[in-house]
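The structure under discussion appears below in the form of structure tokens.
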Amino acid sequence: IIESVGEGVTDVAPGDHVLPVFTGECKECPHCKSAESNMCDLLRINTDRGVMIGDGKSRFSINGKPIYHFVGTSTFSEYTVMHVGCVAKINPEAPLDKVCVLSCGISTGLGASINVAKPPKGSTVAIFGLGAVGLEAAEGARIAGASRIIGVDLNPSRFEEAKKFGCTEFVNPKDHNKPVQEVLADMTNGGVDRSVECTGNINAMIQAFECVHDVGLGCRCAGGCATQGCRVQDSPNELPEREDPEGNLLWQLQATHWPAQCGGAVYEEVEKFITHSVPFSEINKAFDLMAKGGGH
């Protein structure tokens, strides 16, 4: 809930309800004006910046020492300060404890599937990672009309839940003696039409690139956050070597901001992504649940 605004801010006002979005939109740069990208020149994710863009300073401190802004949002606090382009105004009647999951996981997966991968009707799609992002990527593929949606995950307990989101088949890499990309190629007569990587794991990214068929029509999409200093190197015909010198994610693909008029059906939809609710005092428990694959 907006408490106050700085000079020149007109898009939101005190009392407005908003969602924080770490891939912000200045609304003026070529990326923001393009229907093909939302990697804003000004507000794209930057894990190293840690300060406000206007004056290069942090708005947080403890005992006189600065605390830096994490990906421009710093949401693990009761109060935070953000650039106006990193908030999206929403309906004030939306339940904040549910609609909050639209800030990333759901929009990232749905956006990666529908806006970027764009699977044609009847196509075959592989989803790497069946957490919140992966589940919504699967749902996006289902909405687009994919006929086969293959979920890939090391945690077999996720497979049954993933059926509700559109997955038709499942592969656990641990169950096979050869690379999972080869398993997928065997299952799909040479490779899938689309793959969406939703883990941020560098090995999974390579597998997702290599499981797509090589007839020139395939599409690979990475919707996960890569760890610092990651390097991807694939065969010369597939993907040029690329390193992220800033330690940022390789690609973060989110859907366009959800409209302020979203109705009750949307809130019911997001509830199925919530497995646990814990207070801030137990935030480490939430991280443990996520790491173990038992919570979103």
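Glycine too: its Cβ is placed from the backbone N, Cα and C atoms.
Record features, source TrEMBL:
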DOMAIN    1-90  domain 'Alcohol dehydrogenase-like N-terminal'
DOMAIN    132-216  domain 'Alcohol dehydrogenase-like C-terminal'
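In the predicted model, the domain 'Alcohol dehydrogenase-like N-terminal' (1-90) has a mean pLDDT of 90. For the domain 'Alcohol dehydrogenase-like C-terminal' (132-216), DSSP puts the residue distribution at 43 helix, 14 strand, 28 coil.
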